[in-house]
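As structure tokens, the structure follows; a few thoughts come after it.
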Amino acid sequence: MEIHIVQNAERGAEVVADVFVRTLQEAGESGTVLGLATGSSPVPAYAELIRRHREEGLSFARSRAFLLDEYIGLPAGHEQSYHHFIRENFTSHIDIDDAAVVSPDGASADPVSEAASYDRRLREAGGVDLQILGIGSNGHIAFNEPGSSLGSRTRVIGLARSTIEDNARYFDTADDVPVRALSQGLGTILEARRIVLTATGAGKAEAVAQLAEGAISARWPATALQMHPDVTVVVDEAAASKLELADYYRYSRRLEAEHPLLALG
Ligand code: F6R
């Protein structure tokens, strides 16, 4: 895991955007499959990518995108649907084809079949080249709540009480937060070829410490990422405050800067 501890959200956004640019460049003509997260964590990175698109000509024209998850019971056009969120905050501001931005259908009459079909569609698209993730305060990634199997696939999942409380800020009341979601599984996410996770704030400190340094366990689902060979974690000082090895991560990034061919995961 390559852990970057950054001074502020703007610097974090640049580090995340650099990972996107590297992935887009490597794919060249063949195009990239991007895995997109919603929620507040990736928004600064999306803003930086939009800026690079507008000011530096960064193009997503050959990219496709798959969302991580979607609430069940909200129609696609609903203000709080992730289908809507990703367009508002990212994809409608860049040159990606809207039809190439795919999310699970939270309004499907048969969510169980929809989950299986979403997993299949991801595989048929050749899998995800770069997956961006946030992390829940309880250690979830996508909506893989504590207790999720490390090999889980896209499925219907019930939201944990803590997630409903965390996400209530987007709704009028906690009772309006949907209680179920369609979510890529941990096994699905681990198939992405590259992953970048970003987190800010003290509320994420415990989850970030577990993610990087805890024992791999369904208790903290993000620990599954320790098994992946290409994960970059970008956190601010507050989110990094419970990392026991913070000094080592800082030292490793400095060494890499001095010796650019080193990759000290
Ligand atoms: C969103 C998602 C969630 C969020 C997580 C953090 O698509 O899958 O796992 O990344 O709940 O949310 P924020 O960034 O709002 O703190």
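All residue numbers here begin at 1 and follow the chain in the order shown.
Cβ atoms here come from the backbone N, Cα and C positions, even for glycine.
All annotation found in TrEMBL is predicted automatically rather than curated by experts.
Keep in mind it's a predicted model, so treat the numbers as computed, not measured.
Pulled from TrEMBL, these are the features on record:
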type: ACT_SITE; residues: ASP69; note: active site, proton acceptor
type: ACT_SITE; residues: ASN138; note: active site, for ring-opening step
type: ACT_SITE; residues: HIS140; note: active site, proton acceptor
type: ACT_SITE; residues: GLU145; note: active site, for ring-opening step
type: DOMAIN; residues: 10-228; note: domain 'Glucosamine/galactosamine-6-phosphate isomerase'
Active-site residues close to ligand 1 - of ASP69, ASN138, GLU145, only those whose C-beta is under 6 Å away: ASP69
Integer Å distance between the CA atoms belonging to ASN138 (active site, for ring-opening step) and GLU145 (active site, for ring-opening step): 8
Pairwise CA distance, ASN138 (active site, for ring-opening step) versus ASP69 (active site, proton acceptor), rounded so that it is a whole Å: 17
Averaged pLDDT, computed only over the residues in the domain 'Glucosamine/galactosamine-6-phosphate isomerase' (10-228): 96
Rounded to the nearest Å - Cα separation of HIS140 (active site, proton acceptor) and ASP69 (active site, proton acceptor): 12
Tertiary neighbours of ASP69 (active site, proton acceptor) (same chain, Cβ under 8 Å, six or more apart): THR38, TYR82, PRO104, ALA142, PHE143, ALA181, LEU182, SER183, GLN184
Winner by Cβ contact number (other Cβ atoms within 10 Å) across the active-site residues ASN138, GLU145: GLU145
Protein Cβ atoms within 10 Å of HIS140 (active site, proton acceptor), excluding its own: 28
DSSP three-state assignment for ASP69 (active site, proton acceptor): strand
